[in-house]
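What follows is a single structure, written as structure tokens, with notes after it.
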């Protein structure tokens, strides 16, 4: 549920401190209020302004705060004090833009006198003044990559990039409408400008080339903001909406609706809080919900010891009926791959040394299954020198084993057919082919010798059978003779 805080006037700027506890400064009317993350009352107030204050901005270390004003004076405050540390006087009209360069010792500013100035903090003097805009300068930002680069946007429809080492702007981008807000990505390569109904993204490294133009609002876009990772871009508008874009596709992924027109917008460094300032002086604060699920899941992950030993010592009684717990079957890697019809990966899984050496029957079984499916040839094809060498080593070693021979002969035949065109290109593969040839040659010689021995044994067995028959016949005759004599 959002928290509503009433300010004294329209909120023209909200800026989060870059250091914990991530307080935020709200500029409204002639005051700057500092709020804590969850406080509904200001924890500190800077009110040393004669007229309206503008654009209170934190330095990168969160210790200093700079703000412009209606009386054309820029004031620098210490967060722990109340009175201004420095006052920079040089503009002739109200100053709406103030910011720190990334070296922390210089401030840039822009005012309604059409000028963009650079100031030195220690001496409180003006370093350089650029008078290139032809209308009010109302927005600006500094590069975090280069300490000399800052950008200003003006109502003359242009965005200008200044380098403190030069006497004039180094780049001018034509937005096409009065520019209300500018923003640089953390990398410094992309620039976002808002003005009219448009949010435009420019490539600074390509000389200010327009990458994308977004027209998702119905009225003037007044403020821009990036999240901590740079993956989300937020824009607020007078049409009472905050649009959230994905910076990869630049599509609107979310939208917030508010009561009145939006003037300012800020997101906390941890993306936990979004603060929106409106024209009626209301400050709307939304916090991200705390994640309670994680705490519950952590408790579940740490069961007490007695949970594991419960019931271990129970002895079943005579009338008890014991039910065995079903054992969960865990599939091997190659089984999962076979189920997923990934033939080549399944073959790779069973060609690993532990499986090939200790359980070669698994490797052969997978090859047989792939052959049955008709995908063995495609699984064997498209392999590099190392894999072909591994395959041939396995086949040459195991093809002579009778239990594997029928399958491995088919595998050897397919390998020869597939890799015959590349024979002679790799000494390692050629050596394995020769080993396979030698192994098969020896096996054929061995089979021939066995066939000869089998023929000899058949002859011997035939001879033994006849002799046994004659002996039986003689015995029968003798028995018959004896019976005759007895009779």
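Cβ coordinates are placed from backbone N, Cα and C, and glycine is handled just like the others.
If you check TrEMBL, you get these features:
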type   : residues : note
REPEAT : 88-129   : repeat 'WD'
REPEAT : 214-255  : repeat 'WD'
DOMAIN : 314-460  : domain 'U3 small nucleolar RNA-associated protein 15 C-terminal'
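Away from its own ends, the repeat 'WD' (214-255) comes close to residues 180-183, 185-187, 192, 194-201, 261-267, 269-271, 274, 276, 279 of its chain (Cβ-Cβ under 8 Å, at least six residues beyond either end).
Within its own chain, the repeat 'WD' (88-129) is flanked in space by residues 52, 54-57, 59-61, 64, 66-76, 135-148, 150, 152, 154, 160, 162, 164, 167, which lie at least six positions past its ends and keep a Cβ under 8 Å from the stretch. Secondary structure by DSSP for the repeat 'WD' (214-255): 0 helix, 23 strand, 19 coil. Mean pLDDT for the repeat 'WD' (214-255) in this predicted model: 92.
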